[in-house]
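Please read the structure below before turning to the comments.
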Amino acid sequence: MGVAVGRRRRWGVPVLLLAYLGYVGLGAGVLQALERPAEVRAARRLLQQRWELLANHTCLQGPALQRLIQGIIEAYKSGVTLQGNTTSLGRWDFSGSFFFSISAITTIGYGNLSPSTVAGRIFCIFFALFGIPLNLVLLNEIGQLMLLGVQRSAHHLEEMFHWKIKAALLMKTCALVTGLLLFLLLPPLLFSNKEGWTYEESFYYSFITLSTIGFGDYVIGMNPDRTYPSWYKNVISLWILFGMAWLALIIKCCINLLESSSDFCQCNRKSIELSEDEMDDGKKSMTGLHNVESCNDKDTKAGGPGGYHTHTTSTEAL
């Protein structure tokens, strides 16, 4: 039964992963088709305003400069910036759209980029509506597969070295250390190289991203002064996917520890209450015995010698 479940899960994850990547790819293609023309139009409009300003105004005037600033702001919101006599594009190419799709259905939502067209916004609503459940199912399957791998490795160690508690503890420690290296400690080195951030800033970005907090103060691939390889955003998208599954397992383990400690505290509290009740019952029984003895002493004193003699006589008569 366990083997069948393991085989089903082993084949289920690749199928779900292909469906997931196909779904994200579909979203990236649609978003590219919807948003890329608007990005190009914004870039051309910004260039035209710049050339008109240089040709018609030798001395900059207030209204002309204000229009240029407003155009720069609007273009920047669309992901377009000036670079000499050209403009930077790339936020809504396929890799940028793919990264946006990942950040949308994983609910990270950096907030630095959003659809500017009505059609893009409507599509984004329905895309997230079906994409978020698919993302949750895939994350759960990946997490269960990771957990199954740890359990099987621990079982093999138990069979080889006849360890029981040590094998499970060793494998959990190895899984924790490996996950820390792959998802939190090593990726900041890549971000520092590609983005120019410090290691602390890169580590901060890694955790904020994988925990789906997504403040948006640090986002990869958004510096117009840097050139990024084509694979960069796609690899980071996969890192986000598997890193979120690993971090979800860690959070689940922390929740289990908290629940077990809470149950332990409740059991201790109940045992203390039971012991206090037993002590109270013991005190009550001792008090009752003392009252009975006191009553007997009072009866003896009240009866006097005659009473005692009468009691003795009746006893002898019996």
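Including glycine, each Cβ sits where the backbone N, Cα and C put it.
Listed in TrEMBL for this protein:
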DOMAIN    88-146  domain 'Potassium channel'
DOMAIN    181-258  domain 'Potassium channel'
CARBOHYD  ASN85  N-linked glycosylation site
REGION    294-318  region 'Disordered'
TRANSMEM  12-34  transmembrane segment
TRANSMEM  94-113  transmembrane segment
TRANSMEM  119-139  transmembrane segment
TRANSMEM  169-191  transmembrane segment
TRANSMEM  203-220  transmembrane segment
TRANSMEM  232-251  transmembrane segment
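Counting only same-chain residues 6+ beyond the ends of the transmembrane segment (232-251), those with a CB under 8 A from a CB of the stretch are 20, 24, 95-96, 98-99, 102-103, 106, 108, 138-139, 142-143, 146-147, 176, 179, 182-184, 187, 194, 206, 209-212, 220-221. Long-range Cβ contacts of the transmembrane segment (203-220) within its own chain (Cβ-Cβ under 8 Å, at least 6 residues beyond either end) map to 99, 103, 106-112, 183-185, 187-188, 191, 194-195, 197, 232-233, 236, 240, 243-244, 247. Per-stretch counts of Cβ pairs under 8 Å to the transmembrane segment (119-139) identify 12-34 as the leading one among 12-34, 94-113, 169-191. The helix, strand and coil residue counts that DSSP assigns across the domain 'Potassium channel' (181-258) are 53 helix, 0 strand, 25 coil. For the domain 'Potassium channel' (88-146), the DSSP-based tally of helix, strand and coil residues reads 41 helix, 1 strand, 17 coil.
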